[in-house]
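Student: Not my notes, these are from Swiss-Prot:
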REGION    11-92  region 'Ubiquitin-like (UBL) domain'
REPEAT    107-147  repeat 'WD 1'
REPEAT    148-191  repeat 'WD 2'
REPEAT    195-234  repeat 'WD 3'
REPEAT    262-300  repeat 'WD 4'
REPEAT    304-344  repeat 'WD 5'
REPEAT    350-398  repeat 'WD 6'
REPEAT    414-447  repeat 'WD 7'
Amino acid sequence: MASADETGQELRISLFTTLPKRYVVTSAPIAVPANLRRRGLSSLINSMLDLDPPKPFDFLIEHEYLRSSLLDHVLQSQKDGAEAIIKVEYTLAMPPPQPGPSMPHEDWVGGLASTSVNGQEWLATASYDHHGRLWLPKRTECERVLQGHTRPVLGVDFITTDHSESVDVATGGMDQAVRIWQHRETESRVLVGLGHRGTVQCVAAQPTGNIVASGSWDHEIFLWSCVPDADDLDSAPGNKRRKVDSLYNEVQLKAPLGHLHGSGSVVHDMAWASVDTLYSVGGDHAVRQWDVEAGKLKMTQVGAKTGHGVAVHQGNAEHLTVATADVDGAARLYDFRTAGGTSGTTVLRSFTGPAHAVAFNPTNAYQVAVCGDEAIVNLEMAYPIKIWDRRSTRMPLHNLRVPAAEVPRGTERVDSYRMLALTWTPSALFAGGASKRVHAFHTESVQ
């Protein structure tokens, strides 16, 4: 059998890319040494494009990243590379994310969310210490503590509003309450939603900021208006209006605006795709698509396992990818079409324990991160965060774990490998969990 180390042997390849025009080379077949690897191909692309400074490229053959020589890859794929023209896709390589300073908490971090206000990134966290928190990650400083829940807080999300200076947040937790925190220059208030009969596992804010959805262990999805009731605020009895602290000086109790019935078990996570379309996952092994305006279930895709996390990426008007983090340790990608149904399911095998959360890269439509538990004895082999390129399912792009220096003293070492929440901003991937910290992994834009 031929070896990639043999000299003189050549293969014919055809290069193509989905990158911008400035990175496009001819797709005409060319002959290259069979022992060429990623670095050699990258040098070839840089030479053809005359790039200065040069850029690192990555390469895919039939949806698998090239991690050996061209010939070895062809032989492993059981293809007759000597006779065929090999189609090679190239893309800009993603540098390994670099760990940054962490943000400490008093207890486990159960939820994470991110947003940008006037060009400044914000993080929101939900913690088992009964509090939510707002952070400026560039300074790793806690800007605000959201006090009011009486039990662990599990879900958190930012609310987009017309008030460009405001940072509004929704939280939910084991006290069965939903809290909407609104901060204005003239006044601040907390809207407290009551009605769930079980732990509120997750909250998700509508893109317009008018509605917050909450999912619970009572199998229900409730919808809450983010608009205060003027009549109640003007004439509410004492139990509906009370001081909470010097920042959020008004509380208003609210009943649900509506319900979405049809979940067969606990609702673990939700994500909005548009102002009227919501996706949910939970203990009933299904990804559910909801028509919020009509108040009904629109579509159900049966999954392989219980879903712990869900995220959506809107590629275009007719192409939506839904990613789930599942109890069997895998992330799954569902290709939803507006015409109905799904087109295939991609499985990304990630962990020996359960996967807990999933997030898309906001600057690269192909990349998705998933976090979870590694149920293995040798912790040196454990990487609780993985970054995948959804074009390649054999192995992740990057395996990440918390640096030893970022694990607090007194924390069980295994806890630093149990990540429960993720969020991805243009500058960094953030993860939190049993280590009682939010860990930052700074990413570099390659466009």
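Including glycine, each Cβ sits where the backbone N, Cα and C put it.
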Student: Please indicate, using numbers and ranges, the residues of the same chain that are 6 or more beyond the repeat 'WD 7' (414-447) and have a C-beta under 8 Å from a C-beta there.
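Tutor: Sequence-remote neighbours of the repeat 'WD 7' (414-447) are 20, 55, 92-95, 97-114, 116, 121, 123, 125-126, 135, 137, 140, 309, 356-364, 369-374, 379, 382, 384-385, 387, 400-402, 406-408.
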Student: Could you break down the residues of the repeat 'WD 6' (350-398) into DSSP helix, strand and coil, giving a count for each?
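Tutor: Helix (H, G, I), strand (E, B), coil: 3 helix, 19 strand, 27 coil.
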Student: By DSSP, what is the split of the region 'Ubiquitin-like (UBL) domain' (11-92) into helix, strand and coil residues?
Tutor: 22 helix, 25 strand, 35 coil
Student: For the repeat 'WD 1' (107-147), give me same-chain residues lying six or more residues beyond its boundaries with a C-beta closer than 8 angstroms to one of its C-beta atoms, as numbers and ranges.
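Tutor: The answer is 101, 153-158, 160, 164-167, 169, 171-173, 179, 181, 183, 202, 244-245, 247-248, 357, 420-428, 430-434, 436-438, 440.
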Student: May I have the DSSP-based helix, strand and coil counts for the residues of the repeat 'WD 7' (414-447)?
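Tutor: Across the repeat 'WD 7' (414-447), the residues distribute as 4 helix, 19 strand, 11 coil.
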Student: Go through the chain and flag residues at least 6 beyond the ends of the repeat 'WD 4' (262-300) whose CB is under 8 A from any CB in it; none is fine as an answer.
Tutor: 198, 201-208, 211, 213, 215-217, 219-221, 223, 306-312, 314, 320, 322, 324, 334, 336, 340-341, 357
Student: With DSSP as the reference, give the number of residues of the repeat 'WD 3' (195-234) in helix, strand and coil.
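Tutor: Once the DSSP states are binned, the repeat 'WD 3' (195-234) shows 5 helix, 17 strand, 18 coil.
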